[in-house]
Amino acid sequence: MGTHVIKMPDIGEGIAQVELVEWFVKVGDIIAEDQVVADVMTDKATVEIPSPVSGKVLALGGQPGEVMAVGSELIRIEVEGSGNHVDVPQAKPAEVPAAPVAAKPEPQKDVKPAAYQASASHEAAPIVPRQPGDKPLASPAVRKRALDAGIELRYVHGSGPAGRILHEDLDAFMSKPQSAAGQTPNGYARRTDSEQVPVIGLRRKIAQRMQDAKRRVAHFSYVEEIDVTALEALRQQLNSKHGDSRGKLTLLPFLVRALVVALRDFPQINATYDDEAQIITRHGAVHVGIATQGDNGLMVPVLRHAEAGSLWANAGEISRLANAARNNKASREELSGSTITLTSLGALGGIVSTPVVNTPEVAIVGVNRMVERPVVIDGQIVVRKMMNLSSSFDHRVVDGMDAALFIQAVRGLLEQPACLFVE
């Protein structure tokens, strides 16, 4: 028997260090050749690290959230043969970019990063019984299941490493009678528990980007009320006539079309700003970022060349991109290169929002909830479908008057939807 050492691979693009996001193995596990053992994250992508050999895991070289240098020891594996071989595997890009975007972090007790974790006997980590008052270890998914089921995790025995509670442990607990499980009845009682969640992986990248955007960009926001009664009637008519054959239309492809048409007269808004080089790049192509909330956080897949797509073509591509982002299947290319971003919370859109500019872009258009409201038209009170657009701009590049005129142009197109299709 011998020892096979895998080192952190060179991801490319001149990257000297990466963040260890998640382990898929633990000390004592038997793994196969090409099995993915960990996810690591660069500034641009989450990358899967496969094992080039099969064997038994002896030691792990870091904790999730730890930043590791390229070439540092990642994992030790006991293998058949002489061993003593140091290997740098080929990293496999995962279909999840890093920013705005990776694996969901798991809560950890205050663990100091170690050179590596190893068992003296090279056996699997033992189950450590929880002492009264200790915070139970469990992944966010397990905690959510327990919360939804009204179960306090301190009553659940964990069979994972260091007493971590697994889905199987929760299933076993839920299969027991309530009295046998020792579950206390729900009531009005004081809670003293708290949870510390490490900011790692995707959440760290989102935090960094949001902080950077708010610190560097001179944000200003503009809100406009829009009567979308005619637009909604057109959308429903098109869906009724063509929905079965072409797919149902949401409001998003109409909003994209309105941006494309309006941007023809406002090239300074379809732009990116390099504030270090002091260069504004005005783009002919309209690449619309579609802000999408997934289980792992916010991602912005990009609808490329929206100016060249028909209403249904753009609708289909928006749907495909959003599904890919939600399922962590979007490629790195599909999540980069936007020139303006559209963000919508749908039915949760609220009345007003102040979205954060997706740098290096200079504008983001936010869509709020559509509601029926009484409005005055020609001296008469009528019920109309109304919706607000809440948009933010980089005031270093976009003047307030230009921003207002741009949103007014979008408003005119949405209120008179026939104009969307007049060249």
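The backbone N, Cα and C atoms fix where each Cβ goes, and this holds for glycine too.
Annotated in Swiss-Prot:
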ACT_SITE  H395  active site
ACT_SITE  D399  active site
DOMAIN    3-78  domain 'Lipoyl-binding'
DOMAIN    137-174  domain 'Peripheral subunit-binding (PSBD)'
MOD_RES   K44  N6-lipoyllysine
Per DSSP, what is the residue count of the domain 'Peripheral subunit-binding (PSBD)' (137-174) in each of helix, strand and coil?
24 helix, 2 strand, 12 coil
Give me the DSSP three-state residue breakdown of the domain 'Lipoyl-binding' (3-78), ordered helix, strand, coil.
0 helix, 41 strand, 35 coil
The correct three-state DSSP answer for H395 (active site) is coil
